[in-house]
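In what follows, a single structure is set out as structure tokens and then discussed.
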Amino acid sequence: MGLHLRPYRVGLLPDGLLFLLLLLMLLADPALPAGRHPPVVLVPGDLGNQLEAKLDKPTVVHYLCSKKTESYFTIWLNLELLLPVIIDCWIDNIRLVYNKTSRATQFPDGVDVRVPGFGKTFSLEFLDPSKSSVGSYFHTMVESLVGWGYTRGEDVRGAPYDWRRAPNENGPYFLALREMIEEMYQLYGGPVVLVAHSMGNMYTLYFLQRQPQAWKDKYIRAFVSLGAPWGGVAKTLRVLASGDNNRIPVIGPLKIREQQRSAVSTSWLLPYNYTWSPEKVFVQTPTINYTLRDYRKFFQDIGFEDGWLMRQDTEGLVEATMPPGVQLHCLYGTGVPTPDSFYYESFPDRDPKICFGDGDGTVNLKSALQCQAWQSRQEHQVLLQELPGSEHIEMLANATTLAYLKRVLLGP
């Protein structure tokens, strides 16, 4: 509650006390009432929140596949759907279909996919609703926030989205995100801290670059970036060429490749020329080398020409030279062998030999450090924090990460 002094009572206060009260009112931070912590919005990365699907399909790829369901079911993450044979059903349902005419994606016939839990944290705390440790994602961080006095679904909320798509196809999501931020500002008396991981940072940057500076100054207190692929990631070329099963032995890389290629967000995360040298060879074969200037031929040679169109659709979505326009805390992992380039004896349908560089195991250090360029391009602070030995996913539960986040939210 605010301090209300009735006019006829003011004269009864001693001069010293009146001066003290006025001084305290002037010095109070108008952005956040005393004793309150800033509300938090969590933005997950690629594969970083649950998806649900409902089926009414004209045909199926295998007699074991469900053709029709009465209600929505979890399509990501449900480990049972990734078993041999059943995974064919899963891929046919979760893939996107690219329309060359409209330059947009759509769901397969008879499949409807939705994102559960916008404004809640459950769909990004655990990717698997059974809450198995395999699917644990933001859980440790949210538990820490609760321990610091936050409440799930109130002053800490999740902003899940359809991570298969790039931002240009998720317009309603950004409208909902803006509305939620404004609502939290009103409910909790101050600007919001955005905490994003991996590709969620690119989504957040896309969002912030499209908001007026006055809006950002009012509603955003800080942006905490974890493992951001600002300049794209080298491993994307391997994902597109031969697939990547993320070391899950029951999933064949070529099997999962179809789904990975159909997600426009995959091509969006290819390395960018504002971070990488145009001379750098990312993929080497016995007959040809591919740099970032060779993407069109790369897509032709892997038999996925729609990928070149997807890249053209998404390459300019984020303006590299345009800073977010808010206080930025850029946390990045180092010291973990990270795929840097690939050599294929047989291209593209066999696993390559991998040359490693520095990074967090997924995001190359060169890409993560792109945020340094903004230090001279905005008035707001851009602070970098190295996380030595911190792997891309594990950094969310890293003690250093959590201690840093606590300082941002609650002070020293």
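Cβ atoms here come from the backbone N, Cα and C positions, even for glycine.
Taken from Swiss-Prot, the feature active site, acyl-ester intermediate applies to SER198. Of all the Cβ atoms in the protein chains shown, 28 others lie within 10 Å of the Cβ of SER198 (active site, acyl-ester intermediate).
Taken from Swiss-Prot, the feature substrate binding site covers ASP46, MET199, and the record attributes it to a large-scale study or a structure entry. Under the three-state DSSP scheme, MET199 (substrate binding site) falls in the helix class. Sequence-distant neighbours of MET199 (substrate binding site) (same chain, six or more apart, CB under 8 Å from its CB) are GLY45, ASP46, GLY48, TRP163, PRO229, SER265, LEU269, listed in sequence order.
Per Swiss-Prot, Zn(2+) binding site is recorded for SER198, ASP340, CYS355, HIS392. Around the Cβ of ASP340 (Zn(2+) binding site), the same chain contributes ALA234, ILE354, CYS355, PHE356, GLY357, ASN364, each under 8 angstroms and 6 or more positions distant in sequence. ASP340 (Zn(2+) binding site) falls within a strand segment according to DSSP.
For CYS65 (disulfide bond), the same-chain residues that are 6 or more apart in sequence and have a Cβ closer than 8 Å to its Cβ are ILE86, ASP88, CYS89, ASP92. Look at CYS65 (disulfide bond): DSSP puts it in coil. The disulfide bond feature in Swiss-Prot is assigned to CYS65-CYS89.
The secondary structure of ASN99 (N-linked glycosylation site), as reduced to three states from DSSP, is extended strand. Cβ neighbour count for ASN99 (N-linked glycosylation site): 12 (other Cβ atoms within 10 Å of its Cβ, all protein chains included). Taken from Swiss-Prot, the feature N-linked glycosylation site covers ASN99 (among others), and the record attributes it to experimental evidence.
The N-linked glycosylation site feature in Swiss-Prot is assigned to ASN273 (among others). Sequence-distant neighbours of ASN273 (N-linked glycosylation site) (same chain, 6+ apart, CB under 8 A from its CB) are LEU292, ARG293.
The annotation N-linked glycosylation site is assigned in Swiss-Prot to ASN289 (among others). Long-range neighbours of ASN289 (N-linked glycosylation site) (same chain, six or more residues apart, CB within less than 8 Å of its CB): VAL281, VAL283. Reduced to three states, the DSSP call for ASN289 (N-linked glycosylation site) is strand.
What Swiss-Prot records for ASN398 (among others) is N-linked glycosylation site, and it gives experimental evidence as the kind of evidence. ASN398 (N-linked glycosylation site) falls within neither a helix nor a strand when secondary structure is assigned with DSSP, and so counts as coil.
The annotation signal peptide is assigned in Swiss-Prot to 1-33.
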ASP46 (substrate binding site) - helix vs strand vs coil (DSSP): coil
Number of Cβ atoms other than its own within 10 Å, given for ASN398 (N-linked glycosylation site): 19
Closest of ASN99, SER198, ASN398 to HIS392 (Zn(2+) binding site), Cα positions, recorded positions only: SER198
Around the Cβ of CYS89 (disulfide bond), the count of other Cβ atoms that are within 10 Å: 20
Nearest-integer angstrom distance between the alpha carbons (Cα) of ASN99 (N-linked glycosylation site) and ASN398 (N-linked glycosylation site): 41
Cβ neighbour count within 10 Å of CYS355 (Zn(2+) binding site): 15
